[in-house]
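> First the structure, then my questions, so here it is.
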């Protein structure tokens, strides 16, 4: 076998170089644009030993039980970011107790966020008038189902929200959202 000298080896042409440069640039931009899309489909990491996600306030800061209880009176239902970032109501059951369940605030009719009406002691959807009692059970349509529930636990003063898989205590049925 004979070896070619450096003058006999064909160099990379300008066209081939520009094609490689363009391909590399387009590939880099495409991967950079697809990263957030792919990351959206990856569920958040579990926090706490209960396997839930940390409840967060409107700014995305983790909620502590002591801080929440000091600023929310008994019977209060206020929104936090729960599972999958869905708005979820935390319920204050006493001076020093957060309820063991949270209520997903997404209406089962068309997906509107349902506000708590403390004067009427129920959740009232502003979109089409669906109403839910204080536990999230549907009492007036057009919503076909009760609001979804989530387990709420407190570990080392941190509040965690996890998937509700037990029987729905409001209806006695298997949860429709699980």
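Each residue, glycine too, has its Cβ placed from N, Cα and C.
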> Between 20-42, 43-65, I'd like to know which one Swiss-Prot lists as transmembrane segment.
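When 20-42, 43-65 are checked in Swiss-Prot, transmembrane segment belongs to 20-42.
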> Rounded to a whole number, how many Å is the Cα of residue 128 ([2Fe-2S] cluster binding site) away from the Cα of residue 112 (disulfide bond)?
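Per the Cα atoms, residue 128 ([2Fe-2S] cluster binding site) and residue 112 (disulfide bond) stand 9 Å apart.
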> On the 0 to 100 scale, where does the mean pLDDT of the domain 'Rieske' (65-161) fall?
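In the predicted model, the domain 'Rieske' (65-161) has a mean pLDDT of 87.
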> Neighbourhood of the [2Fe-2S] cluster site (107, 109, 125, 128): other residues with Cβ within 8 Å of the Cβ centroid, in order?
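Not counting the recorded site residues, we get 108, 110, 112, 114, 127, 129, 130, 142, 143.
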